[in-house]
Each structure stands twice: as structure tokens, then as C-alpha cells.
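Peer 1: Once you've had a glance at the structure underneath, I'll fire off some questions.
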Ligand SMILES: Cc1ncc(C[n+]2csc(CCOP(=O)(O)OP(=O)(O)O)c2C)c(N)n1
């Protein structure tokens, strides 16, 4: 390139030898300046660093950003604010790639911008040069015009074309690729092919005909509406738009960035009644507004299907888009509005129309609704509405508001008001997050130059701020007093409260943390790093105070971190949208990022919502679905459903039945309707379990229920008063019109399920249900049969009822139809053959129902009955097996009989053979313990020895009791046996007998205890640990045993109870003179030691460990909960006492304003090419490495 530039310089010198030698960078800068460019945003590097210096030298203001993306957002914002494109300057390759985001955003918004990107030197093309990339090709998709500057001489040509293309309609992005060799080479100024300064874009006007047509349409309209788009703002047509709307007294609303073209508080603004205005208007005038997703494509149901659209738009591509306009005027907004204002000066839309009164009513009711949200007490933390209300009350009326986020932007749009055109910048038509700081920097730079008193307020969602948050440093560097307000809910759309966050993060956070979650961070501390002030605001007062302080700062940006309830946006939005417009909101997008939001809602439905402590607080009447009250209620509503299911068809077909008892039916109908209504209330108050806890906040329950699909698709439909159709003679007392009541059948099934799981006789209940189902089927079939007979005429053939049936009573008719129906459905009866086609179809259907459904029902009935006999069958099988075994082993007859009798006894008394096996299967340890306590504690309490023991000792002993059965004549223990266990008689009787078993000394009855002394190892017991009597079972007896090991293991933890027991034991022995008082306790200790042998100790240790673990978990849970409660209370007290102050981050090491080192171009030049090339080659090598 050096040679080429030299040659070009050579040829130029022939033309104008007196010209100056200038660098390529300077030529570019001069060309830009000549075409009116004032601002350049960028990130410098190879090969465009000289361009930035040259731009500054040409009086183009250069703002160095931290990322090309933010630079491109900033440059495009200048284009929108001033109507003149700014430049975004990037390095080659990745620099441009970063800027593509801003290019796309500007293109979609139709904002002018010039992107200049350095590119690798032309002679190195295709050689793998440093950051080489097909930049023109990449940029083409994101721009209106993209070209590579081919020579230094033609720079002005390319620059003019780029700028012209960017501002002429439709405005957009132009891209120029500058090879590095063009930047660094030099040329004689005379050789540069100069072009003239660009002329302003043409401003086409509307034709006279179209003006006439416009007024025709407008005057015919009953409900006109004007929509002011950002095209109107961009066209600088605010004065004309205001005059137009006021002159013709038209209601108007603005698109998000059209806001402020007329003051949001303007009396003709109906922005707060947007939905009604759009839905009802019959003529809509679009002033630079597009019918894209933001305006619901102009389609139903958000728009009136008969609406007439009048489009005033300067871009032909937008005309008739999505909806064909009645009148499309392609003209400059300002010009055409002027024409309209001047053309008709007399006509005015009547202020006293119904349209105006409807809109005003809606405005008032919506205002009340948003006031309620502002003052909502649902959470002790701030919500969006309260935070925005506080901000709005402080910020200057004419501030430029930059905003992005989802809820932050959407709610902020309605809460933060604009009064001037181009004073709102947000994520725009492209919905781009990350634009905020770039836009804010651009707006603040613009204000610094044109309106220094004007403030820029940048309201960011915490996620949105994260995209380009470090541009705060740019704002600090250029002394831009932007007030950054971060609405911090700790998440994208919605956050997670800190406790739940920590809980989820304990496990694998990549799998557990919701994708929407973010840290509810102390963003205000970022400000301190740059010598600025940050504020933390958690209450309305704090928000107001910090906004005030931030506004007082005139030279530095500040950050206000507004902490809001993490669930705030979601709750408010859900409630608002779903309760009031549930169906509409599903059908159409209502707001930016609606699709993402609804996707998220879907996702939330699938996964459980985050834990919110307030959900579990009692706030009013709530029913527990596990409570019997709920079960009883289900029984009542089931009765109502069953009544409707059975009697609606019966009354419809058996007309006489309906007529005879009309008063009864009507009273029953409405009584059951009331029950249906009460059921809606009950369902809205039915608690459920979430995260293992019972949700009992009735607001949450009601919200969930009233926003559920079930409510709309079943419960609400089932209660629609179709009876009003009775007023029409044709439907008079036709019961079938009430058939929407069937929709509540789910409650009947719910009752069935609940009863089945609760009843002690599940099989009997199942059989009952099947019988009911069968009877209902037969009943419906009988009704259908009678209807057909009535339709065909009684006695017209052999299949239908005989003619005499007309005179039969209802009971007789019903009995016959029921009989006929049973025969047909069960396919067992001999019924008359059908004759007519309709009869054949009916019979065929019945046969099919009979085979498919009826047979299945009957089949399952059989299965159930047989399963009821299953236990008997199992016992029989077992008996057979045991009998076979005994026969095989030649067991004598007597023993055989004994075994058989035993099994028989077990079955007839429904005894469980292996109690432990049954309980261990499905029950948790705690539940098993509870069951053991319930079943055995009473028995253990009867043991006099344990009367004074600690309750915990008894509970531990209870869990060690084991059931054991004895048959008639079986010995439980014999005299002289070593006592290894004690016994408690649960059922049956035992006898203490003589050695030969013939003499019965005493009979022990239920509740008696024996053997306890021998397992206590009482020192001095003359019997030692031997049994002192023979005990045998008289009949079948059911005992509990407690082994010596278990007793000692438990007693080891209760030394006091142990000594009491020993004393008691001694006194019992003393009474019987079986105690040798001379012996000491030493022998007992030895035995005790032996008992608690190593194995026992290990067992004990394991037990202890389990207990400790349980206790530790309980303790830890209680600890976490108490800390949480404590923190909550503390912050509440702090707020109440005003003790919590905004945390102001005072910089420590950073000076208040670091002096900016003035870089002089000449100084820079001294370093230039050689050094840069050196640097470039080193960098590229580094990169290659
Ligand atoms: C460039 C880009 N990336 C991602 C998204 C998806 N998105 C939409 S809104 C949003 C952030 C919303 O969270 P936040 O800014 O905290 O606002 P909130 O809704 O929480 O108030 C994101 C990431 C987007 N619109 N644009």
C-alpha cells in the first residue's frame, strides 16, 4: 500500500503540487467532519488508533468505550437523538464482530449510524493477516450499505455515500471497511477527490387527494385513536403532532420510544387505557408507528377486526404491513402533519362522545389498579411499582430516561413519565439487552453539549446492567453525571430469595440454580472503584433520598442499587395478567419479551417455583386437603355432581318425572348450584404442599387457583347459568341445557380417590364404585332408549316400547327401560331385534359399549372380589405346603393337627405372621416408631416395674419390643431356664403350672408381665437369673418380649432409672424373701460389662451415631431458621427506626477526579508507524502462539 499511496500521491502532485501531505487517518476524519459527523465512539487498537486521534484533531468528539458493542449502541443513540449519524470505530476482526450487535439493533430501529472498522492491509489479503476476517460480507447483513474503501483518494466519496445512505429513508447503518494501509499511508490533499457536503434528506409531502381522504375517514370514525411512534420522534415532528392531536381533540397513545413526543400527562393521552383503546378503536392513525409485534401486528383480538388504519410513514417498506391500511401516506411526518393542521381548521372530534367516556372510565380504573400495586403490602420488601413511584416522584420532568430489562423496562414504561420527544431510549424493537449504558453515555454526551442541565436517568434491570455495566467507567471518565438505577431482584425476570439461593447452591448449582437466578449483588460498590458514589436503597425513603443525592452530583455518575422483592415482578404481573385477562394474555403478546416470559412461566409450571417464606404463613381461612373437613366437603360436592349426572338425563327423557316434581327439581338444582359456587371458594382456599411445606397463604392459593387452567376450563364453565335459556320457550324446562354441570365430575373422582386411600375396606369400596359406575351406565342407556322410543313412536315396531307404555307410570317405564338396558349392555339378555336403521345403530353401539366397557368393568369387579380372597388363598397355599412338608417328614398326626390349627387361628384372627416385615417395607423409621408407641406403649406402661421410669426410656423400650405367638399348651418358659427376656401378655391367657404341668397355680391375663426380675441381674437375688416358674399358654396367646440385651442397652443411657429399677426389683424379691442382702452390686457390674461386650458397644455406637445425626440435622435446621428470622426482624427494625442508611462508598485510593493526560497528536505521531508496526507484528505473533 505504501507504494500505491506513493504512486497516487505522485499523480496528485502533478495536479496540485502546492497541497499538504496528510495521513490516511486524517483524510477519513476530515471527510467525516465535512459531512457533519460530530461524535465518534469506539475502542481503539490496530489499525484505527490514528483515526481516533485524527478525529479529535478534526473536532470530532471521540468517546472511548469499553466494548465495541456498547460503542455501537452509543453511536446509534446519537443518530436517533440528533438525526445525524455518529461513528462507531472498531478494530478489525473481533472489534467489528462485537459491533454487529449494535448494528443489528440500529438497523431494526432504523437509526442512522456509521461503522468504521479497520481491516488488514490490502497487500496481505488472504494471507492470514492479523485479525483478518471477511468484514464487508459480515457487515452486509447488518447494514444498508457496506463497502471497503478502495483508495485514499476516494475516501470522501465513500464517506458521503455511507452517510447519505444512513440518513435517507429508511435510515439505518452504513459500514465502511478501512484497510490498515489506507489509514497509515499519506497523500497530498490535492489528490483527494473531494465531494460536496451532503444535502438534507428530501421531505416528501402528502398529495391533496390523500389529505381529503384522510379527513373523510377521520370524520366518519366514531372511535378514532392516534398512535405516536418513534418515527414521529425521529422525524422531529413533535410540535406538529401536538398541534394535530389538540386541534382535532383526538385520543392518543405512544409506542415505547414514541413516549414523550407529547407529554405522557397530556389530557388527551390514553396510554394508561392502552388495551381498551386498541381493542375498541374503529380508526387508527399511525404516526411513524409500525404494526409489528409491539402493536400486536394490528390483529385481533388486540385490535378491532373492522378497524381502519391510516398510516403516515416515510418508509415505503412499512406501508400495508401485516394489515392493509385504508389509507397509506408515504411522506415526511413533520411535513404531512403540518399539511393536515393547515388543511382543516374547523373540525374537531367531539369531547362528549361515548368513546371518550369509555376511555376516561378505563383510565380511572387502571389508575386505581396501579395505585393498589404501588401500595401493595404483599411483601415487606419493595416491589417494582413502589420503587418506580418513588423514583418518578424525584426525577426531573424533562430527564432523558434510558431503560432496559424485562419487568424493569415494562413496568418502568408505564410508571416513569416522559414529557419530551426522544427522551426515552430502551431495548427497542429488537428487544436488545445491554443497550442501556451505551445509550446513557450517548445521551449524557449529547446533554453535555446541548443541554447541560438536563439529566440522564438510566434505569436498569440487574441482568440488563450486567451486559455492559463497566461502561460506568466510561461515564466516570468523561464526567457524565448519569444516574444509574439498578432495580435489583436478583434474577432475570424473577429472582430467588437468598435462603433458597443458598439452599440450591449447596448441591450442584449448575443443575439446581434456576437459569433465571443472579446474585442480588451490591452493585452500588462498583461506583466506589471509580471515585463515584453508590447507594443502597431498600425502602421508599432510601430510594427517594438516594435519587436526590445522585441528582445533586453534577460531574460524576452514580449507582443506586434498589433492592426489591425477588418475586415481585412475577407475582404482580401474573396476578394482573392472568386474573384479569387470562385468555387474552395467552393468545397475544402483551409486552416486550412476552414470549420469553411465557416460556419461563411454562418452565416454572414444570419445575417447582422457588421457596417463598410468605407462602407458608397463615393469612386467612385455608383448608388442609389432608383434613377430614376437606373429605366431608368432597362428599357434599360429589353428591351435587352425582345429582346432576343422574337426574339431568333422566328428567330430559322421562318428561313426566320432570313435570310431576318440577318444584322439587328446581329447588334442588339451585341448592346444588350454590354448592358448586361454594366449591369454587373452597378450591381457592385449599392448601397444598410445595417444597414439603404446606402452602397456607390464602392470597397465594387464590391466585394460583384463579389463574389455573382448571378454573377457566372446568369450574367456571360448569357454573355458567345456562338456565337462563329457560326464558326462551323452546328451551323451557329442558333439563339438558344444564349439562355444563357435568364438567365438575373431577370432584367426584377426587372424592373417590381420597376415600379409597382412607377407607379401611378399600376393596369393598372399589367394588361399590364399580357397581355405581355400572348402574350409571345402565341408567344413561335407559334414558337414551326411551328417547329413541319417543322419537320413533311407541308401538311402531317390535323393538320400541309398546303403545300401551304411554299410559304407564314413570316408575314402570323406568323399570322396563332399565331392565332392557341391563340385558343389552350385559349382552346376556334376549331382547327384541332392531328393525329400523337408528335402532340397529343404537343396539350396535350398546353391544360395543357392553363388550368394551361393561365387560371390562365386570371383569375388574371379578378381579377385585378374587383379590379380596387372595389372603385366604395364600394361607391355603402355605398350609398345603406345610402339610406336604409334614407328610414328607412323617410328622405325627397330633403335631400336624396342631400346626394346621395354628395357621387357621392366624387367618381367622387376621394375625400378621411377620409384623416387622410388614412395617419395615414402606414406613419411615419415625413412622414405625410412632406406630410402635401407639401399639405397645399402653402394654409397657402396665409393667409396675417401669411405673416411675422416664417417658423417653419407655419409648426406647417400646421400639425394642417384639411380638411372639404361642399355641395351646406351648411352654413360654420353664423353671430353672436362664432368663433372657421378659414377657408382656397382649392377648390370650397363660398359666403358671407345676413342673408336671398338671396343677395350675395362677392364671396370667392380658396385660400381665413376667420375667422382668431375671433380666435385671439384681445382686443378691437368690434365684440368680433363673426362671422360678413354668409358664404355659392356655389357648392361643399373643405376647411381646423384651430381651435382656435390649433392656441393658437402653438402660445404659438412663442410669437414674436403672438404679430405681434395681431398687424396685430388690423390694419385690425382699417381699418373697428371695434377696440376699449381703451381696454387693459388684457381680452385677461384671455381668453388665459382659453384656455390653464389644459387639454390643458397636451396636450402641451405631445407634448413638444415628441419633446424633438426627439431632444434628434438627438442630441445624432450627439454627438456620432462627438466623433467618433474626435477620428478618433486624432489618424490619432497622427500616422502622430509620437506622439503615444508604451505604455510601467513599473511595479510598482513587482520587476524586483523576487528571486526564492530554495526548497530543504530534507526540503520538513521533511514535507512529514504525512502533505500531512493531507492536502489531508482536501482537500477531502472540496471538499465533
Ligand atoms: C441480548 C439479549 N440477551 C438476552 C435477552 C433475553 N432477556 C430478555 S429480558 C432479560 C433480562 C431481564 O432481567 P433484568 O434485566 O434483571 O430485568 P427484570 O425483568 O428482572 O426486572 C434478558 C436476559 C435479550 N432480550 N437480549
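Yeah, the Cβs are placed from backbone N, Cα and C, and that goes for glycine too.
Keep in mind that TrEMBL annotations are predicted by a computer and have not been checked by a curator.
Feature list, courtesy of TrEMBL:
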type: TRANSMEM; residues: 630-650; note: transmembrane segment
type: TRANSMEM; residues: 662-682; note: transmembrane segment
type: TRANSMEM; residues: 724-743; note: transmembrane segment
type: TRANSMEM; residues: 764-793; note: transmembrane segment
type: TRANSMEM; residues: 813-833; note: transmembrane segment
type: TRANSMEM; residues: 840-865; note: transmembrane segment
type: DOMAIN; residues: 945-1051; note: domain 'Cyclic nucleotide-binding'
Peer 1: Go ahead and report the DSSP secondary structure tallies for the domain 'Cyclic nucleotide-binding' (945-1051): helix first, then strand, then coil.
Peer 2: 23 helix, 40 strand, 44 coil
Peer 1: Is the number of Cβ-Cβ pairs under 8 Å between the transmembrane segment (840-865) and the transmembrane segment (764-793) three or more, considering only pairs separated by 6 or more positions?
Peer 2: yes
Peer 1: Are there residues at least 6 beyond the ends of the transmembrane segment (813-833) whose Cβ is under 8 Å from a Cβ of it, and what are they?
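Peer 2: For the transmembrane segment (813-833), the sequence-distant neighbours (Cβ-Cβ under 8 Å, at least 6 residues beyond its ends) are 650, 654, 656-657, 777-779, 781-783, 785-786, 798-799, 801, 805, 843, 846-847, 849-851, 854-855, 858.
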Peer 1: For the transmembrane segment (764-793), which recorded stretch in the set 630-650, 662-682, 724-743 gives the largest number of Cβ pairs separated by under 8 Å?
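Peer 2: Answer is 630-650, with the largest number of Cβ pairs below 8 Å.
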Peer 1: For the transmembrane segment (662-682), find every same-chain residue at least 6 residues outside the stretch whose CB is under 8 Å from a CB in it, and list them.
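Peer 2: Non-local partners: 623, 633, 636-637, 639-640, 643-644, 647, 651, 711, 715-716, 718-719, 721, 723, 733, 735, 738, 741, 744, 747.
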Peer 1: What average pLDDT is reported by the model for the domain 'Cyclic nucleotide-binding' (945-1051)?
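Peer 2: Mean model confidence (pLDDT) across the domain 'Cyclic nucleotide-binding' (945-1051) is 81.
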